[in-house]
Every structure is written in structure tokens, then in C-alpha cells.
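Peer 1: Take this structure, written in C-alpha cells, and hold onto it; I'll ask about it next.
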Amino acid sequence: MQELTPMMQQYMEIKQRVKDCILFFRLGDFYEMFFDDAIIASKELEIALTARDCGNNEKAPMCGVPYHSAHSYIAKLIEKGYKVAICEQVEDPKLAKGVVKREITRIITPGTFIDENFSKANNFICCVARVESDFALTFVDISTGEMYACLIENDIQKMINEISKYAPSEILISHLDNELYEVIRENYNSFVQRIEFIEIDRCYDLIDKQMQITNINDKVALSVGNLLNYLVDTQKISFNYIKKFEFYRVQNYLQIDLSTKRNLELTESIIARSKKNSLFGILDQAKTSMGSRLIKKWLERPLIDVVEINRRLDAVEELYNNFPLLMQIEGLLEGIYDIERLSSKFAYKSINAKDLLSLKKSIEVLPRLKELLGEFKSPLLKELYNELDTLEDVYSLIDSSINEDAPVGLKEGGIIKDGFNDHVDRLRNISKNSKELLIQYEEKERNLTGIKNLKIGYNKVFGYYIEVTKSNYSLVPERYIRKQTLANAERYVTEELKKLEDEIINAEQKLVELEYELFCQIRDKIESQIERIQKTASCIAIIDALCSFAHIAIDNRYTKPIVYLGDRIYIKNGRHPVVEKMIGYSNFVPNDTELDNDQNRVLIITGPNMAGKSTYMRQVALIVIMAQMGCFVPAEEAQIGIVDKIFSRIGASDDISSGQSTFMVEMSEVANILKNATPKSLIIFDEVGRGTSTYDGLSIAWAVLEFVADKSKIGAKTLFATHYHELTELEEKISGVKNYRVDVKEEGKNIIFLRKIVRGGCDSSYGIHVARLAGIPEEVLQRAEQILKKLEEADINRKEAKRLRKEIKREFTEQIEFFSYKKDEIIEKIENLDILNITPIQALNILSELKHEIIKAKERQLL
């Protein structure tokens, strides 16, 4: 049996190293896939499946994609959950002895995929290291150079919440931690990799070599080190370009759990699952991708540091009050490319001349941007002015060296500007003159042969050639040497053309090689300044985010909140930032809010469905979040005492995937709130208890409300919307509980939602009115009204009967000693009463008869 061909032997050897990947094997201008990889790729990419002789008298299934368009195919495979290994030719095929040397240069996974189209959003990869009961989390976006790490102590739910903020596309965990693997799989759709963790000493070695990070403990180092080890192993590059490392403590930021983030629609809407109609969609008016990502980060992690919040607010206020300067700054920002992502391309050596020109255009506006920043006085803007590096040396290098019309490819020539390098100029002159000679030669041959459409062309296989169409074959002279036959033409060469070709090719080849060499030198010089470039990118992102906040404040009539360390939340004429944009400013009804930790701790809000209870409660939470981000808020006036956590229990939904019912999901969320809320927290409860029977639900809602209102237990600021009108009694029983309702106006059988929150409880849910608004047939509504009337009468009867029964028993007890001889008879009468099926009048008559007998008995006793 024949052995595999040498090339296929090489392929099989390399494939053994990446069994879990689809191997893109470079063959000339294509990436080829073989065997099972080819079968999978042809199906997933919808490309033709062919075959290639591989030895052993067999043909291997094969498919391929052009190397210059491979990125889009790789993206499709990554999106479908595959890993892709890139195997490149690492020596010149012309110089190779035997099979061209090839090596795996990169393994691409969901978390290490870099979008060449530069999507605005981050693409994080996360590593979770569990040490005892604690969780060390590290997040990296290799495309922007950002790295964040934190330690979650003994709280798996908090770990889940923190990971959700970054929405990582890939999560790494130890291959030994089966329990953690199940938790991750249950909560995220991310690509989960179980890897063999390296020891802590190796982690520290890697960190020292790659990052120069200090002041992290062993638990965090285990997470950081294993993530770095994975990246180095798959990307085959150094990660010392990652300069933006931040270790943070979760408790140093406003904590918002996953459920609340979803309920408040912070980053995406619940229905469309998109940025549109979310708070992020309103706040993100950034002109750069860097600013957009920073706004999202600020939204995921609002501050609790009053000083830093007010630094942002003061900067936004100054921009707000200087609209002409704001407009000029935003105009400059619009011309800035994604410098963070351009920076990462230096590490991968994938940056091209077009990228450098984009960097140059971005740097070009920096001197003017710095000049405008010098006009401001607020501390944060002055700090940004001082830190903004205009990178004039980098600009000068690119401007003097890179041709404005440079191609994307690095080995096509035309990259280096005239006048930058003498040798380039000399070779370019030869090349240009030779081309002129070719034009002259073409004209000469047309005249000699009489073939008017004769033309000279070039391809990599045959070099320069003379092409003659079929109709002119009879005019071809004998000195023409045939090289290639086409369907409608023949291609020829002459000795004179060969001589010209040698001159041109040698000059052009040397020129291409020299230009590439010079480009690499320029690239490396700029890469040596990468830390300065990244710091400038960070400054630009902050400036952009602050300008976005100022602009939306102007457009949407927001006001600067007073943020302080107290416990009071006072909002005058507050609005929901998203809803008011959807329905129009003039159509939105604003509302006041007053919450504190004393007499306004818990606001019970009643009113019909669709009246606006949920919108009102959400808007309070969103205003708090916006204020603690350092953003102006949709209100006439706002005083926000710092909140440490925001919780919400809104809506009812089954968690089918985990087998949890509506009520179980609801109670789990309530339990999480009761366990983690503090007096500094803000809690939103919407219809607690409606997922079970009326009495169970009422009992639970009542107990929950008592618990959160109790200062000795939680005492948190709480908004509690309910249809259980019985809960309004708590205003009289618990200090700090206040009743509010959404006001409505009745007009006959119809109601008008006034959307106004007013003092006092609501004694009707207006369910039938809402059903009428929803279009329920009138026949059904009339029947519903009949049933409601009977139920209400029955309820009155039950209450009255209960009251009468108590009165009868009291009367009986008082008189029993006077008619002991009649007591059995009277007790029997009472026991035989069908209380629920008698009217109040009948009950009063019976009571009168019993009373009459007792009086008679007393009289007999006294005789």
C-alpha cells in the first residue's frame, strides 16, 4: 500500500496537534481543508466539496477558500461554534527544498476572534478560577487591549451577575471543576472551554513576562495567569501590548444583578434583544467606537464614589453650558478611528498601510482637540487636557513615509512615499521608465504587424505577453513565440519582450521587497510608542463619553442631579428616558418621587394595569443609575443619595430551560433580594405573589413588605406595586410606609389613564375597564360585570356574617351564666346556622330572636 504523499503527511502531523479545530492549511493562494474538516466546512460554509490525491490510492475530501477572503469564512465557522487553526507557509516556496515548511500561527476561538470590520462592541474572553469558595474572574478583549479582574467572595450568584456584565463570547474554567462547568452552562450561551490550569508559580512567571502587573493576590493571579497562558498558546504572540489592566472590587460600584439589568432594559430591550429602546441606546451618542464602549462600561458599573461622580457631572455641565465648543469637539471626534483596535493590530503584525493612514487621520485632529480642551476649567476636563498626547512624532513619521493611495496588501508595492527613501525612488524610476518602454513597444508592434487591437499584458505564470485576438491570427509574424491559447485569443512572447521583462521584473520585485522592509521598520517604530497611543485612546474615549452625556442632556431637557452621601431620593417631575423618546416629550406625564430611610421608606403603589406603575418605578431606578454614572437626568430637579445596590422583581415568566415555574422564578428573585439588600439599596417589587393563589400571594407580599420595611432587618428604600389592596392597611401599621396610586378618570364605562402618581390607595383594579380598552367583546364584558357584582355581594355577605358571628358569640358568653339550662339548645341553634347562605337581614332577625330568648331566660333566672 502506498504511503501518504509528503504534503499530506505534513498535514496529518499538524492536524494531530489541533484535533478539536478545523485546520485552514495554506496552499499557495488558498486555505485548504481535508478529510472530516472538509466535509464539515463545505456544509457549514456552503462551498463545493472536491477531492485530492493523498496517496494510499485514495482521494481525500477537500474544500478551500481564497486566503484574501478567508476572514469572512472563519467568522461563519466561529459563529457556529467551531475553533479554527491557521497553518501558514513560513518559508518562501521558491527557496524550499522538498515540502514547504508550515506552522500553526494562530488558533481562533470565539473569544480571540478579531472583527476586521471593527464592530463597536467589546469581545471579551473570561477565565474563572475557583479557589475554595471564592471566584477570581479575569476578562480580556484582545482587540482593544483591555483587561479587568475581580474577586467574588463566597457568592456564586454574584459571580454569575458579574460575568453577565461583560457578556463574554468564551469562558475558560478548570477541566477539574465539573460543578462550575454546569453552573456556567446553565447561565450562559457562551463557548465554554475546560482547560488544564497551570500552577501558581507559572502564573506569576507569565504575568511578570507578559504584563508586569503587581499587587494581585494568588487567587486573582491564578485566573490572570491561566488566561494569559491560553492566549499565548492560541495566538502565538506576546501580550505586553495590554497596558489597560484594572483590578476592581465589585462593592466599589453600584451593584445591579442580572435580573434587574434585564428588567430595566439597561443594554438591550426585552422584546427585540437589541440596543434600540434600551437605556444604552439613549445614552450612546458617542462619535467614536471607543467612546461607545466606555459608555457601556459606565452603564454596567455606575459609581458610588461621590467625588468621582461629581467630577463627571461638573465636566458634563461645563460642556452643556458651552454648546459651540461642544459642537466643535464632536466634529473633531467624528474623524477619529478606533485607535484601541488599531493598536492591537501591531501585536499581531496585521496592521497595513491603510490602517496607518487611519491612525494618521485620527492623530491629525488631536492638536486642535487639545486646544479646545484648554478652554475648560472643570477638574476632569483639565486633567484630560494635561494627559492628552498629540502624538505629533507618530503623525510626522506616517505622513512622511506612507503613500496616501497605498494598497491594502503589503507586498504589492506603492506603499512608500516618493522622497522618503533614495533607494525606493531609484527603483521606482526604473520601473516607471520600463513601463513607458512597454507602452512604446506595444505601439511599435501594432504598427509592424498591422494588428490594431494587439495588447501587452502580464500574469504570474507567463510573465509579460502579447495578446492577439482570433480574427488577427493571419497577421502574426513568425518571430512571435506562442505561450498560451485562450478561447478567443493567443498569447505570444518575443526575444525583445523577454529582455524588457527582465528589466521591469527585477526592478519591481526589488522595489516591492524594499517597500515591505521599510514598512515593517515604520510599523515597529510606531509599535514602540503603543503605550502612548493607548493612553491617548483612553483620553479620547472619556472625552467622547462626556460629550455624549452633554449632548443628550441638551437634546432631551435633562438636568444636573445633586448626588451626595445622604439617604434621600427626591425627584421632581421625573421621566422615563426611553419611554419619553418613544412617545414624545410632550406626551409623557412626569411624576415626583420622594424616598428616604425614615418616613418614606416604602411606597405602596396601586392602580389598574396599563396605568403606568411599572414605568414609574423603572424610571426612578434609571434616574438613580444615570446620576451615579455622572450623567444628567430626565427630571426638573433631582437629589440622589448614593445607592449601593438596585434590585427588581418585575413581571412573571417561566424559566422552562431549568424547569422552574413562574412562581418559583419569582420567589427565587425575591429571596435573592431579601438576602442581599441593605439600607442603602433601592428595591422595586412589581406584583409580588401573583404567581400563586390569592391568599398565598397576599400573605407572601404582606410578609415581604413588612420585612423590607423593618429597619432591624433591611429598611431599604422600596417601591412596591400591587393589586392586593389589603396591603394599603400597612400605612397605618408600619411607620415609613406610604400609599400612592396611579390616578384615573372614569367616564361612564370607560376610564382614562392620567399617568399621575398621587397620595392614597386605590380601591379598584379596573380590570373590566382595561379589558374593554383591550377590545374584549361587549358580551363577555357584560357577563364579567354580572359575575363581579355577585362576587362582591358574596364577599360583603361573608364579611358581615363573620362580624355577626363574633357578635353572637360575645352576647352568648356574656349571658351564659343566666340561662345555663337553655345553653345547649341555643348553642345548637347557632351551630346549625348556614352563615354563608343567609342575608344580613336574616342574620339580624335570627340574632334578635336569640337575644329575645336570652332576655327571657334572664328574667326567669331572676324570678
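Indices start at 1 and increase along the chain as displayed.
Including glycine, each Cβ sits where the backbone N, Cα and C put it.
Dumping what Swiss-Prot says about this protein:
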BINDING   Gly607, Pro608, Asn609, Met610, Ala611, Gly612, Lys613, Ser614  ATP binding site
Peer 1: Which of the three DSSP states, helix, strand or coil, fits Lys613 (ATP binding site)?
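Peer 2: It is helical.
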Peer 1: Under 8 Å between C-beta atoms and at least six apart in sequence, can you list the same-chain neighbours of Ser614 (ATP binding site), or say none if there are none?
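Peer 2: Long-range Cβ contacts: Ile650, Asp686, Ala721.
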Peer 1: Within 10 Å of the Cβ of Met610 (ATP binding site), how many other Cβ atoms can you find? Include all protein chains, please.
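Peer 2: Within a 10 Å radius of the Cβ of Met610 (ATP binding site) lie 16 other Cβ atoms.
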Peer 1: If you draw a 10 Å sphere on the Cβ of Lys613 (ATP binding site), how many other Cβ atoms land inside?
Peer 2: 26
Peer 1: Beyond Gly607, Pro608, Asn609, Met610, Ala611, Gly612, Lys613, Ser614, what residues of that chain have CB atoms within 8 A of the centre of the ATP site's CB atoms?
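Peer 2: Same chain, not in Gly607, Pro608, Asn609, Met610, Ala611, Gly612, Lys613, Ser614, Cβ within 8 Å: Ala721, Val742, Phe753.
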Peer 1: What same-chain residues, at least 6 away in sequence, bring their CB to under 8 Å of the CB of Gly612 (ATP binding site)?
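Peer 2: Looking at Cβ-Cβ distances below 8 Å from Gly612 (ATP binding site), excluding near sequence neighbours, one finds Val589, Val742, Phe753, Arg755.
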Peer 1: Within 10 Å of its Cβ, which one of these binding-site residues (Gly607, Pro608) has the largest number of other Cβ atoms?
Peer 2: Gly607
Peer 1: Please work out the number of neighbouring Cβ atoms within 10 Å of the Cβ of Ala611 (ATP binding site), leaving out its own Cβ.
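Peer 2: Counting Cβ neighbours of Ala611 (ATP binding site) within 10 Å gives 26.
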